[in-house]
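Worksheet for the structure shown next.
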Amino acid sequence: MREFVVPESANGFRIDLFLTQSCDGYSRSQIRDAVQNDGAEVDGRIIRPSYKVKAGQKVRFRVPPPASDDTVPENIPLDILYEDDGLVVINKPAGMVVHPARGNWTGTLTSALAFRFQSLSDVGGPTRPGIVHRLDRDTSGVIVVAKNNAVHLNLAAQWHDRLVQKEYTAITFGRLDRDRDWIHASIGRHPYQRDKQAIREGHATSKTASTFYEVVERHGRVTRVDVRPKTGRTHQIRVHLAHIGCPILCDRLYGGHSELSRSQIRRLAGTEVATPGVKPTPEGEEILLSRQALHAKALTFTNPQTGKEMTLTAPLPPDLQAVLDLLSSDSSL
């Protein structure tokens with residue numbers, strides 16, 4: 001147990017921030033977890049991480065045991081779009097999990113980063129070195145990684161304040177009546193399926209969510225759209241597009257096929273009435289797409305070290321380009 005007296009310079013600080021600055025060797029997330037588990041007292045009273053301390057108060061803190069680092073460095077190639085002393089921007093491939101989690105302990109982005117870089121931020125804890133934000137496993141594209149805590153905190157503040165512009169490419173199935181529009185619908189945990197999110201307007205656990213989309217090209221019932229989410233809820237783009245009747249191709253959770261062959265894509269785009277997932281892949285036919293057709297194509301943010309705005313883009317990956325090429329080559333669509 002360690003004890004502190006809050007100085008004037010820390011008056012008004014959140015308790016987790018005050019303790020992070022007072023206890024060397026621990027990230028803010030580690031401190032926050034310890035406080036959440038009744039690890040801190042202020043003037044004899046157990047408090048929560050959001051509590052704001054006052055000068056002169058006495059703080060007692062049960063220091064957490066050192067966390068084990070479950071990130072195993074692996075020599076996995078990285079497609080680096082940009083790098084400087086404070087950050088690196090990666091073009092993440094589809095199929096790569098960002099950080100270790102249940103069922104995905106190896107082959108992660110953090111494993112690749114740990115092998116490649118000597119120093120990364122530890123704000124997110126030992127299993128998430130450098131990770132400022134995340135992409136779903138089967139979403140490809142731009143992801144920013146921080147090399148030190150100062151850069152990490154600056155970038156995290158930009159995300160929190162919605163100063164980062166995010167742009168995605170999605171290929172959807174369904175009829176989009178409008179060429180461009182906003183989707184405003186609150187998102188919360190699915191009531192029955194733990195791995196899903198759902199539209200839950202007015203529910204106590206739901207959060208407001210807003211997504212702007214714009215049609216880029218139409219091929220019958222298959223449409224390519226540019227998507228710019230204003231908020232950053234889990235699975236937001238996937239949930240919102242499914243909500244308006246246009247699920248992303250091959251999005252297993254929210255209404256897509258598990259995989260698509262050339263003939264299936266043509267059938268979906270054509271005039272024949274089709275429902276995702278109804279007809280199996282013809283035996284022996286080449287599978288053209290086997291993951292959700294969602295790509296984080298661009299991020300615009302302010303470089304914490306230079307103060308300059310920068311935009312990083314990742315080209316459309318071959319599998320999504322192949323789908324669009326197939327549709328474009330069919331003059332009937």
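From the backbone N, Cα and C atoms, a Cβ is placed for every residue, glycine too.
The shown structure was predicted, so the numbers you read here are calculated from the model rather than taken from an experiment.
As annotated by TrEMBL, active site applies to ASP136. Taken from TrEMBL, the feature domain 'RNA-binding S4' covers 13-77.
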(message) Looking only at the domain 'RNA-binding S4' (13-77), how are its residues distributed among DSSP helix, strand and coil?
(response) 17 helix, 11 strand, 37 coil
(request) Please work out the number of neighbouring Cβ atoms within 10 Å of the Cβ of the residue listed as 'active site', leaving out its own Cβ. (result) 20
(message) According to DSSP, collapsed to three classes, what secondary structure does ASP136 (active site) have?
(response) coil
